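Engineer: Quick one: the structure is below, questions incoming.
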């Protein structure tokens, strides 16, 4: 009874909408087929079976299909004994007392094997997709972590080496910078010392130049002072009374022309190169003026003309010797000028009586020489 009640319970929810559905319900039909194939159910009359199936919620079409599929539509119970009142027998539930012929068992075993294979396959896939990655993933993670730790240790070692190298390079660079700074300071000191020495040398050179300039100026002054005074005669002079006097020849045109211009008293014997404006010296002592007497003054006194000429020649020679050290070109010009002056003076002397005033001779000679000439 309990099994029949359990079979009725799952079929009750589907019995209510059974009459309304037009399409046959295959699960109910299959259950009815199994129910009809039961040996005990076959012994029951057909009407009882139909009534029981209708009670379970199957329609007439479904019941007919179930009878056709089960092959029990023509089964009728055979009468064994006398007619006895028919007692309705409650059919047992299919699951509680299944009909187990040989074919159905193998089908059940096959279905069970398929179900077990599906479950095993599901477990295998679950294990492969989820459990195995978790297990292997942990191992891979461990290996990856180990590899990462090894790489980190290598990196830390390389970083430490690079840091030490950088520190050594920085120390060497700092040392080089310090050396360069020392060299720069030394160069700066050397430059300062060189500047100081150059400045002192320049000051000393300027002082030496100033000293040389002062010495040159003093030498110039000495030379100029030397030229301001007439030189003393070195050669002895002939007395005036021993010098023969020649009368001027009337045929010389220079004497005639000079007699006409004998009233000109000053005559300069200096050359243009020895002029006071050119040399930059004072005209005192560097110029020589001569006063020649005309025909009116010839009778006033007798003068030694040759002595005067000798004095003039000596003075010109001394001047020429002084000027030879300075400029050679000026010497040549002075020679020409001196010869011209001497020629002119000789021509002037030819026109007179050969005597010049004694006072002019005293001015051109030193005191000792004038006294000697007077004694003679």
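The backbone N, Cα and C atoms fix where each Cβ goes, glycine too.
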Engineer: Can you identify, from 46-69, 70-93, the stretch that Swiss-Prot calls region 'Disordered'?
Structural biologist: 70-93
Engineer: According to Swiss-Prot, which stretch among 1-18, 19-36, 109-126 corresponds to the feature transmembrane segment?
Structural biologist: 109-126
Engineer: Write down the residue from 262, 268, 334, 370 that Swiss-Prot flags as phosphoserine.
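Structural biologist: Comparing 262, 268, 334, 370 with the record, Swiss-Prot tags 334 as phosphoserine.
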Engineer: Of the residues 275, 282, give the one that Swiss-Prot describes as phosphoserine.
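Structural biologist: Among 275, 282, the one Swiss-Prot marks as phosphoserine is 282.
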